[in-house]
Amino acid sequence: MIERGKFRSLTLINWNGFFARTFDLDELVTTLSGGNGAGKSTTMAAFVTALIPDLTLLHFRNTTEAGATSGSRDKGLHGKLKAGVCYSMLDTINSRHQRVVVGVRLQQVAGRDRKVDIKPFAIQGLPMSVQPTQLVTETLNERQARVLPLNELKDKLEAMEGVQFKQFNSITDYHSLMFDLGIIARRLRSASDRSKFYRLIEASLYGGISSAITRSLRDYLLPENSGVRKAFQDMEAALRENRMTLEAIRVTQSDRDLFKHLISEATNYVAADYMRHANERRVHLDKALEFRRELHTSRQQLAAEQYKHVDMARELAEHNGAEGDLEADYQAASDHLNLVQTALRQQEKIERYEADLDELQIRLEEQNEVVAEAIERQEENEARAEAAELEVDELKSQLADYQQALDVQQTRAIQYNQAIAALNRAKELCHLPDLTADSAAEWLETFQAKELEATEKMLSLEQKMSMAQTAHSQFEQAYQLVVAINGPLARNEAWDVARELLREGVDQRHLAEQVQPLRMRLSELEQRLREQQEAERLLADFCKRQGKNFDIDELEALHQELEARIASLSDSVSNAREERMALRQEQEQLQSRIQSLMQRAPVWLAAQNSLNQLSEQCGEEFTSSQDVTEYLQQLLEREREAIVERDEVGARKNAVDEEIERLSQPGGSEDQRLNALAERFGGVLLSEIYDDVSLEDAPYFSALYGPSRHAIVVPDLSQVTEHLDGLTDCPEDLYLIEGDPQSFDDSVFSVDELEKAVVVKIADRQWRYSRFPEVPLFGRAARESRIESLHAEREVLSERFATLSFDVQKTQRLHQAFSRFIGSHLAVVFESDPEAEIRQLNSRRVELERALSNHENDNQQQRIQFEQAKEGVTALNRILPRLNLLADDSLADRVDEIRERLDEAQEAARFVQQFGNQLAKLEPIVSVLQSDPEQFEQLKEDYAYSQQMQRDARQQAFALTEVVQRRAHFSYSDSAEMLSGNSDLNEKLRERLEQAEAERTRAREALRGHAAQLSQYNQVLASLKSSYDTKKELLNDLQRELQDIGVCADSGAEERARIRRDELHAQLSNNRSRRNQLEKALTFCEAEMDNLTRKLRKLERDYFEMREQVVTAKAGWCAVMRMVKDNGVERRLHRRELAYLSADDLRSMSDKALGALRLAVADNEHLRDVLRMSEDPKRPERKIQFFVAAYQHLRERIRQDIIRTDDPVEAIEQMEIELSRLTEELTSREQKLVISSRSVANIIRKTIQREQNRIRMLNQGLQNVSFGQVNSVRLNVNVRETHAMLLDVLSEQHEQHQDLFNSNRLTFSEALAKLYQRLNPQIDMGQRTPQTIGEELLDYRNYLEMEVEVNRGSDGWLRAESGALSTGEAIGTGMSILVMVVQSWEDESRRLRGKDISPCRLLFLDEAARLDARSIATLFELCERLQMQLIIAAPENISPEKGTTYKLVRKVFQNTEHVHVVGLRGFAPQLPETLPGTDEAPSQAS
């Protein structure tokens, strides 16, 4: 079961006496107990303000001025607030267990008006742990707190996750949220709804029976049913529109003949004049255009001649300028040839000198070799002389040393002395002072090893020395060669530079070998380049003459084209005469054909207009007569189909109307006889009992009762038996069920519910299986849903029926139009367009005339073209052989490349010529540069040192060997003293000395002779070097002179220079010849221009005269055209068939129409004046003004609510169709209105019965309510007798009063009011209009009378009035009425709110001390039974046993007024429990 929403607490912030107070509200009764001024009313006022924050309604009477005669500015709220921000908040929990805090922010507005500013807000998603006071206050310290403004509260809540804060700008939005969330019972859409809610709360607050509520119980308890009123208002509007439309159609129909006549004559009058002016303008324009064409042609010829003159003058100027350039180029070419010849002679001298230098170079090299050999012989002689000197010196020393004796003693003495001397020498040489003869053998081995090592080292150095001696002279020679080639450089760089020079020499020799091939290639390419330049010049000249640039790929095709053109031009010139004759013959044939077509054109145009109208009407395109006849057959078939479909739709619409009428019966009875039987049997229809069943439950109950769903429920079946005897006026099957209609339930059957079906056990041996119907009709909601769908279907069917009716009539009229068309125009309409053919023939005629007039010019142009083509072919014959050259874009680049390569090769040749011999000499000896020759002296010193070391080692070893060999001689010490004399050895030494001296003399003489010869060789070498240097210097001077000349003096240079000179001479001759030709042509062109200028002046004079005539009429014609286009009448006036009539015929036609129009507009002053003004022939635009005025007059007469078009012609065509269709629609709606007069009575009666049942159910909840002597309270609902009579007449006797409902002057509401007056003539209606009375009669609430009755003591049921009841009884009775109103609102709003929400119920009761304990207990019981919360205020002597009681005591503490609150929950035997958070210490807002 859905739990009902509850108010959890009320929070007051900064109210008078309450700074921050939260009252937890009991689920039933919350009592505010306290003395006067304790704050009970303030608390209730805060609750009401949060519930209804509408300052226009809030009025707390117990705080306003008593006895005041004028309205109080303070309605009780301003004085209950303290300065600053105030809050009143309601904490609620709804049926969905959602916590919602709603409230208002209040603030006093400064001023004498004592106004209060109110801002409502709502908070959703707030956790249960957060108290309302925590939200709106901020604790500053233990004794102080601050109230947060609304914007800070918003920021604080937005920072909390899941919490939503909403501020409302309107009370309607605030109450809408409260209704959707189940806080209030009714949706308060307007100020009137809020006023009712406030009056309810106010009546609850102050107690008693509220006259404001009891007087308007119908507004509180009965919901407004505006459906009937709105339906009949819509019906009245539709009927009013239909009647106005019908009247407008009749008026339009009466004007139809006038429309036709006025349109026809106005069109003839204006269109004839319009087309006549158009024809005249076309003729004048044709003449002007012809003159302009001739003028344009002459101007073109003159412009062509001028262009030709300018072109030839420019070409002549170009040739004059080119002649000077060519003369300068020719002179430069001649000078260049002379320079080339001079350079060639200079080159021959250079070659002779180079040959001489080569010869001197060879002789110089040979002399160098001779000098080198002489130097070698000189060195040999010096060595020999030096050796002879050494030998003489050695022999002399030997002769002095060896003079011993020849005997043994002398020998032993000598050997002993020699041994001693050898030992001493060995000591000295070996630096061994302790050396003895015995130890000499040991030391000998050591020094022999040293000697061997020194010898090996000396031999190695000797080998190096030998090689170094050989490389020494080569290095110097190679170094000098490198210096000669490269210039001065360091000796250590010679090797790297030499290798680089050799590599460069190889490259330079390779390049030098290419000089001659490159010269030949360059000569060839330069020749091709000159030819290419010449070809480009020829091509540029050709393109300039042709007036178009050509690609070289197009030249061959152009050549063929020009040759073909030459052939074709030669043929065309020969065929010109025959062509001229053929053109004249064709021109005559065209003239006769055009005349015949102009006679046929008007008939064809009339047929086409008729065909276009038919095509527009049917939306089809017809291309043949067969298409027309086939479409006519389709129209017939379509008409039959549309009639059949219209009849079917009409039948279905009638069936829907019948079903709607049947379902609209009160109580859901589909048979009127059942209502009468129910009243006769004293029962109630079962469908009425279940009239309030929901749409979801309708299928179940419909299947549950099955065929008995139309049964009658009677209290006692036995009492019905006598009525059944002889009953005939009843349905075929009549079901009767015994039961209490006031407390009927579905327990009469045993039911098993299946899926979408039920099994009903009617008896032990009889079951019924019924499925849920797809379209249930059981219950008001189901019937209303079905009626709504049927109404929608009926609207669709009505619209479809009207559309089909219109289509049928339109098809019939279209069929008639097709029949007329077939009879009148079918024979000619599908022939070819004569106007199109005329245009083609006229175009061809103009072409023929132009061809004939320009034939001679064409022949002349062809001859000119022939000459130009021949000239072009001649030029192309010179260009085509050079196409390859023109296509070679890289030729100039290749010439530059070859020239650069030739320059490099020539430079290389000069390098080779200058340094070739040095490089050749350097190449075989370059390897000697790897080692520095300056190391030779060091090597020489090393060799000398090694040699000395080897000699020293050898001497040491020899000395030790000698000591070892002479070990035996040391024993000849006794012979040492012996002397020896001379011997033969001395003689031999002397002989050898003489021979050595003689050899020395010979060597010295030879040395002197070779020295003189070497001096001669050096003199010859110096002479050769001087001659070589002189020749070399002369060669360098010649080469510089050749470079200064700046001409490449190769073998073909002279030939190229001569060819270039001859070519320039030929170009100069051609240029002079062309210049002479241009001078002659220019003279002839000037004469032709003079002739064209004279002809042009005459043509301009003729053209301007004709143009002046056209311009004179243009202003009026432009005004006419602008007026025609702006008013969209061109289609009406531009009748092409009139274009073939003569000006006299058109003028006659216009005059006849003018006479008819004068009679037609005689009664219309405006059109008559406009027609009179349009007769001026000089102002054709005034005729258009008349036509526009006539159309505007007709357009204003068209009712736009009937015919949706601005075209009067179309309006005439639609009148008949629209008239019949709308007449039928009006008839249908009137028939519907007759049916609706019965339906409205049924709906009102059904609604009354439903509300009576609902009030009856409400009364059941108040049966046990008692207050004092009042035992029960109930509501009586009765139908007024006058209104019940009206319902009877509407449902049963409406045919007797059809004069009211069929009247075109009365609406349905007015007819209903007249009927009411007719039935109740005694009632005075006052000043109210019938329309107002009729609208009131459509509201079912005006049919009912409601009053509250109480069952009081022995008096029984009495009308509840305050004068007849005690105060407590009045309070209890009033509270009962309010509870009934709240419950009624909930029932009414249940369909508007979610089904899972049961709204909060809360009422107030101030000054409850006027009730006794029994009444208080009754209130508690009522609250518990209805799940209602109640807040009551009572003095301190009231102590209820249930609910929650708050004791309020107002105190003053330190000039601060506050209310002390203590909360108690009931009075049980246990000790009272103080509610948490109710004891409040005084606090002051910061």
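The backbone N, Cα and C atoms fix where each Cβ goes, and this holds for glycine too.
Since this is a predicted model, take the numbers as computed values, not measurements.
Counting every protein chain shown, the Cβ of Ala38 (ATP binding site) has 23 other Cβ atoms within 10 Å. Residues or ranges marked as ATP binding site in Swiss-Prot: Gly34, Gly35, Asn36, Gly37, Ala38, Gly39, Lys40, Ser41.
According to Swiss-Prot, the feature coiled coil maps to 326-418 (among others).
The coiled coil annotation in Swiss-Prot covers 444-480 (among others).
Positions annotated as coiled coil by Swiss-Prot, on the basis of sequence analysis: 509-603 (among others).
Here the coiled coil (835-923) has a mean pLDDT of 79 out of 100. According to Swiss-Prot, the feature coiled coil maps to 835-923 (among others).
Sequence annotations record features per position, and here Swiss-Prot assigns coiled coil to 977-1115 (among others) based on sequence analysis.
Annotation comment: Swiss-Prot describes 1209-1266 (among others) as coiled coil, evidence class sequence analysis.
If you look up Swiss-Prot, you'll see 666-783 marked as region 'Flexible hinge'.
Residues Leu32, Thr42, Ala1433, Leu1448, Arg1450 surround the recorded ATP site, their Cβ atoms falling within 8 Å of the Cβ centroid of Gly34, Gly35, Asn36, Gly37, Ala38, Gly39, Lys40, Ser41, which are themselves excluded. In this structure, Gly37 (ATP binding site) belongs to neither helix nor strand by DSSP; it is coil. The most densely surrounded of the binding-site residues Asn36, Ser41 is Ser41 (count of other Cβ atoms within 10 A of its Cβ). Summarised by DSSP class, the composition of the region 'Flexible hinge' (666-783) is 44 helix, 26 strand, 48 coil. Using a 10 Å Cβ-Cβ cutoff, Gly39 (ATP binding site) registers 27 neighbours. Of all Cβ atoms in the protein chains displayed, 25 besides its own lie within 10 Å of the Cβ of Lys40 (ATP binding site).
The Cβ neighbour count for Gly34 (ATP binding site), using a 10 Å radius over every protein chain in view, is 22.
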